[in-house]
Amino acid sequence: MLRSGIVGDTQRAETRTTRPASGGLSVTAALPSIRPAGSQTLYCWPQVGCLQRLQVSYYLLKTGKKHYQRTFHLHSTDPAAELPTLHKNSQKTADQHDWSEVPNGTPSEDILQLWRDAEAVCFDVDSTLCQDESIDELARFLGVADAVAELTTRAMEGGMEFKEALAMRLDLMKPSEGDLKRYLLQHPPKITTGIPALVAELQSSGKAVFLISGGFRQIIDPIAEILEIPASHVYANRLLFNEDGDYAGFDETEFTCRSGGKPRAVARIKSEHAYSHMVMIGDGATDLEAKTQGAVELFIGYGGVAFRPKIAEAADWYVCSMQPLISALE
Ligand SMILES: [Mg+2]
């Protein structure tokens with residue numbers, strides 16, 4: 001048995017080649033889930049194929065039902081080497097497919113008008129503006145990924161207050177100023193495809209762009225700089241260090257260190273700038289709160305990194321790629 005192959009930035013794909021009783025060679029491959037598909041949904045898992053062919057089944061995440069199937073042909077005798085190409089081709093197929101069964105994947109004229117009328121657009125950062133979760137990545141870098149993940153799960157299951165959960169995770173990580181500098185050097189931001197174009201389009205049409213995150217300013221500020229978003233438009237947590245550069249807690253005056261912090265940050269922005277039309281774009285429940293608590297007029301869910309059916313159903317508009325948002329502004 002042979003195991004090899006890497007597909008995508010962060011997820012591993014595995015291929016197993018086995019020699020079946022019939023004497024031929026077959027391959028079973030696990031590709032990462034297919035991500036965006038226009039304004040709609042996602043994703044595939046390939047099934048068993050022979051060496052020359054690989055059958056890819058596309059499932060709707062919402063229902064878990066198989067949506068359709070396609071067979072891709074392999075051209076070499078090394079399936080592992082071909083997986084990246086296969087992944088790209090099956091992604092393209094997903095992009096071209098009509099996934100209109102996804103809830104709120106097609107915006108009404110009213111929703112499009114709200115989007116075009118926005119004076120300010122707030123983006124979540126982790127799994128929206130960027131393709132990863134910075135606290136998880138930092139924990140991995142510091143060698144405490146499993147312990148932090150376990151704590152995160154316990155905190156979520158137990159309904160722990162965000163601030164308490166943040167404090168506990170940071171106590172496990174204790175990131176020093178030096179750790180953070182090394183982390184930043186070794187982890188260039190994975191900005192979501194389409195974000196630079198979308199942010200530029202919004203700003204050139206006179207809309208203000210804000211970043212609102214439960215992550216850390218020290219990680220987000222460099223990303224804001226790349227996207228030409230002023231540092232004053234970043235609402236996030238701030239890590240504190242003592243004179244020796246050791247971890248010394250976090251700034252408890254930041255909105256986003258507490259549960260319900262995102263809607264409060266949005267409400268502050270709104271009143272400070274006297275905006276009447278604001279939009280929040282994000283992947284998670286804390287982003288949705290900006291709408292349910294009345295801080296924004298429009299909530300756009302993003303499922304390109306993590307597809308969350310409950311968010312899709314509650315969103316005014318649900319996208320798995322930034323392209324429909326750009327197209328709607330043109
Ligand atoms: Mg997020």
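Glycine is treated like the rest: Cβ placed from N, Cα and C.
Just so it is clear, the model here is predicted, and its values are computed rather than measured.
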Listed range which TrEMBL flags as region 'Disordered', given the options 1-24, 97-120, 169-192: 1-24
Taking only same-chain residues 6+ apart in sequence, whose CB is under 8 Å from that of D126 (active site, proton donor), what do you get? D132, E133, S134, I135, S213, G214, G215, D283
Close in space but at least six residues away in sequence, with Cβ under 8 Å from that of D124 (active site, nucleophile), the same-chain residues are I212, S213, K262, M280, I281, G282, D283, G284, T286, D287, Y302
